[in-house]
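Asks: Please see the structure below; I have some questions.
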């Protein structure tokens, strides 16, 4: 009996070592530039740029197949960050892909919702919870404001509500300078 256990343990260790070696040996390297570009994009997965999501758009920019000014949710600020990363001149946002809008989240009127689940299927980030024939709810922290859930709704119970700029959603608009850096630069 102990022989069978030791054989199984030995096989498990051998297979584990082979799999570990294979993972290191045949590791697929991603494009580091595409990963940096993807980190700058807003991750709304809205498709307004003409690509199915932010990652494919980042890969197309890295390959030179797409321009840096096709992301309306990223706005002019996103275009400037991409231009800085790639070392090119910033361009105005391409209006053919849409215009920047204030940040907003979807809101479902639960009294009108019929529970058809079409909005759940359309949401690229799974920000809608609910079941068939029951009312649905938006998970506001997950919603990216892509508006892809609006069109499939047969009863138009979904609306976009701007995010209030209160304390939890407030963002400092100016560059952050660390006090330690300021103190070091003023020393003689």
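Placed from the backbone N, Cα and C atoms, the Cβ positions cover glycine too.
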Asks: For the [4Fe-4S] cluster 3 site that Swiss-Prot describes with 143, 146, 149, which of these is also annotated: 123, 157?
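Replies: It is 123, as the record lists it for that site.
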Asks: Looking at 1-23, 24-46, which stretch does Swiss-Prot describe as region 'Hydrophobic'?
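Replies: Checking Swiss-Prot against the ranges 1-23, 24-46, the region 'Hydrophobic' one is 1-23.
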Asks: Using only C-alpha positions, which one of 46, 71, 113, 119 is spatially nearest residue 149 ([4Fe-4S] cluster 3 binding site)? These are the binding-site residues in the record.
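Replies: Nearest candidate: 119.
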Asks: With a Cβ cut-off under 8 Å, give me the same-chain residues at least six positions beyond the ends of the domain '4Fe-4S ferredoxin-type 2' (134-163) that come close to it.
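Replies: Contacts of the domain '4Fe-4S ferredoxin-type 2' (134-163) (Cβ under 8 Å, skipping residues fewer than 6 from its ends): 42-48, 73, 101-110, 112-128, 169.
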Asks: Say you check the Cα of residue 123 ([4Fe-4S] cluster 3 binding site) against those of the binding-site residues 46, 54, 116; which is nearest?
Replies: 46
